[in-house]
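Q: Shown below is the structure under consideration.
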Amino acid sequence: MNRLRALLGAGRPVLLDGGMGTLLQDGGLEAGVPGELWNLENPDEVRAAHAAYADAGARLLTTNSFGGTRPRLDLHGLGERVGEVNRAAAELARSVADEHGLLVAGGLGPTGELLAPLGTLTPEEAQALFAEQLAALVEGGIDLVLVETLSDLAEADAALAAAREVAPGLPVAVTMSFDTNLRTMMGVRPGDAVTHLAAAGADAVGANCGRGPAEMEVIAAEMAQARTDDVLLVAQSNAGLPQVVGDHFEYDATAGDMAVHATRLAELGIDLVGGCCGSTPAHVAAMGATLFPASPGTPDR
Ligand SMILES: [Zn+2]
């Protein structure tokens, strides 16, 4: 039995949330400061971002812990606080989710190290890094595991092994970024990711980040062709590509563009639909309004 299907019940697609980084920057996070630090030092701003996505109609809130593995926190001198940072990330999302009757996805990104043969990290070391982060997210009260933006199937396997080790009862979703000619940086095709990761025990497989909604729809179609009955599919596109506007970047897909995109994903049978970089609560609200026109603002979607 697919554990995520059991958790979500009926009703498709399920609306996920969108990007976190942009919201924190709008809230005053300075360049070079990791957003994860705000779980400890500016929790109200993190909570406000989650609440904005809850109000936009997202049914799952993703913890602010994308860069929460030890090597990535080490880049900012925070490696020793990995437990604290991730526990707080989960507790913040949990508190908002409980107020709105929502679910919490514990978000994990790449370890920040390359596995052999391109790098030196062993599969066992990668598993240990994921397990360390995930244990803290579990303590903070997550409902499922969401491993995002991977490029390497071996790293995905290590994350799945860590989930089996630390959170055997929780559903696991793994998404990869197919940002290089419709493949990951490591050359993985969408269909091959679905086949491999479903066999490796993922409850959901998908694509996130990338080069915008148009490419995501091509990727989603390839994933849909490779799916088996017992795996759910996820798509969380960036809101287009970043364009330089004055002294900052703006993503070029509007909320309306993302709403049209959400409809196309639903037609392809994608089960969980959300956004990634550059997508805001306004984008997610527009996606929800299009997907669920009869029930704006109701929580029982
Ligand atoms: Zn992204």
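Cβ atoms here come from the backbone N, Cα and C positions, even for glycine.
Among the features that TrEMBL reports, domain 'Hcy-binding' is placed at 2-291. Feature annotation from TrEMBL assigns Zn(2+) binding site to C209, C276, C277.
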Q: Does C277 (Zn(2+) binding site) have same-chain partners at least 6 apart in sequence with Cβ under 8 Å from its own Cβ, and which are they?
A: G19, G21, T22, C209, N238, A239, P242, Y251
Q: Specify all same-chain residues, apart from the site residues C209, C276, C277, whose Cβ lies within 8 angstroms of the center of the Cβ atoms of the Zn(2+) site, ordered by sequence.
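A: Residues close to the Zn(2+) site, other than C209, C276, C277: G19, T149, S177, N208, G210, Q236, S237, N238, G275, G278, S279.
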Q: Work out the three-state DSSP category of C277 (Zn(2+) binding site).
A: coil
Q: Which is it, of C209, C276: the one of these binding-site residues whose Cβ has the most other Cβ atoms within 10 Å?
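A: Of C209, C276, the one with the most crowded Cβ is C276.
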Q: Restricting attention to the domain 'Hcy-binding' (2-291), give the mean pLDDT.
A: 97
